[in-house]
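Engineer: Before we start, here is the structure in question, set down as structure tokens.
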Amino acid sequence: MDLYAVWGNPIAQSKSPLIQNKLAAQTHQTMEYIAKLGDLDAFEQQLLAFFEEGAKGCNITSPFKERAYQLADEYSQRAKLAEACNTLKKLDDGKLYADNTDGIGLVTDLQRLNWLRPNQHVLILGAGGATKGVLLPLLQAQQNIVLANRTFSKTKELAERFQPYGNIQAVSMDSIPLQTYDLVINATSAGLSGGTASVDAEILKLGSAFYDMQYAKGTDTPFIALCKSLGLTNVSDGFGMLVAQAAHSFHLWRGVMPDFVSVYEQLKKAML
């Protein structure tokens, strides 16, 4: 049976095995998908051994996306620009192909929500690894992006890297333009740490829809809770993005595109 896995550290909390095995059942694919704890010191050796033993592909989560990218032989454009991958596939010639399905997963979930139209103004909070993975697909979807982060130099470098692909502007968190935003995306890790993104409430009130790339089981993320406390109710967490990026990884491996919405709805119901 073809073997796949998700690698991360920590990994016990990962929903990827549940999601991927549901996608496999839906599409009648015979495969096994498991969670693997990566060793912070020996991850590269572990991953190469995993493929040498016959595995067909894997997902990569924190903190290994950049390290896994370095091990690949070939790359998609979106992985190359992000300098990180969340998906590896073993090709027929034995080479490793790296892709990053985070951004296309986000775009697919925004389409599910009917929140994606050309020429929207989008504010993204945060310029870390999560942001790097989503910028190219958003720009390809003709979004006008304002990228805000506490460390302006990091934001500026990232915006300059992606400027050839669309309209993107770098600002510091305390100089976000006072304009209306069709969509505000939280790409900071505030949703995981229990904090909230350090953005002025008056800025948030200029938004129409609010998407947190984090999710929390059975409760609101801090960012979603903050939005609701301001009376902003057009909100979504990132669980749909998680299922959608998994579906795009699955498609890369198996050549079949699952119906991610039905799997999302099943799992979301179970999480409440």
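Please read every residue number as a count from 1 along the shown chain.
Cβ atoms are placed via backbone N, Cα and C, with glycine included.
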Engineer: To which of SER16, SER76, SER189 does Swiss-Prot also attribute binding of NADP(+) at the site defined by GLY126, ALA127, GLY128, GLY129, ALA130, ASN149, ARG150, THR151, PHE152, SER153, LYS154, MET213, GLY238?
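Structural biologist: Between SER16, SER76, SER189, Swiss-Prot records just one in the NADP(+) site with GLY126, ALA127, GLY128, GLY129, ALA130, ASN149, ARG150, THR151, PHE152, SER153, LYS154, MET213, GLY238, namely SER189.
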Engineer: From the candidates ASP2, ASP102, ASP200, give the one listed by Swiss-Prot for the same shikimate site as SER14, LYS15, SER16, THR61, ASN86, TYR215.
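Structural biologist: Of the residues offered, the record points to ASP102.
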Engineer: Please state how far apart, in Å and to a whole number, the two most distant Cα atoms are among GLY126, ALA127, GLY128, GLY129, ALA130, ASN149, ARG150, THR151, PHE152, SER153, LYS154, SER189, MET213, GLY238, the recorded NADP(+)-binding residues.
Structural biologist: 27
Engineer: At the level of the C-alpha atoms, what whole-angstrom distance separates LYS65 (active site, proton acceptor) and GLY128 (NADP(+) binding site)?
Structural biologist: 12
Engineer: Using only C-alpha positions, which one of SER14, THR61, TYR215 is spatially nearest LYS154 (NADP(+) binding site)? These are the binding-site residues in the record.
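Structural biologist: Sorting the binding-site residues by distance from LYS154 (NADP(+) binding site), the top entry is THR61.
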Engineer: If you draw a 10 Å sphere around the Cβ of MET213 (NADP(+) binding site), how many other Cβ atoms fall inside it, taking every protein chain shown into account?
Structural biologist: 27
Engineer: With the cut-off set at 10 Å between Cβ atoms, which of these binding-site residues ends up with the most neighbours? Options: PHE152, TYR215.
Structural biologist: TYR215
Engineer: Starting from each candidate's C-beta and looking 10 angstroms out, tell me which of the binding-site residues SER14, SER16, THR61 has the most other C-beta atoms.
Structural biologist: SER16
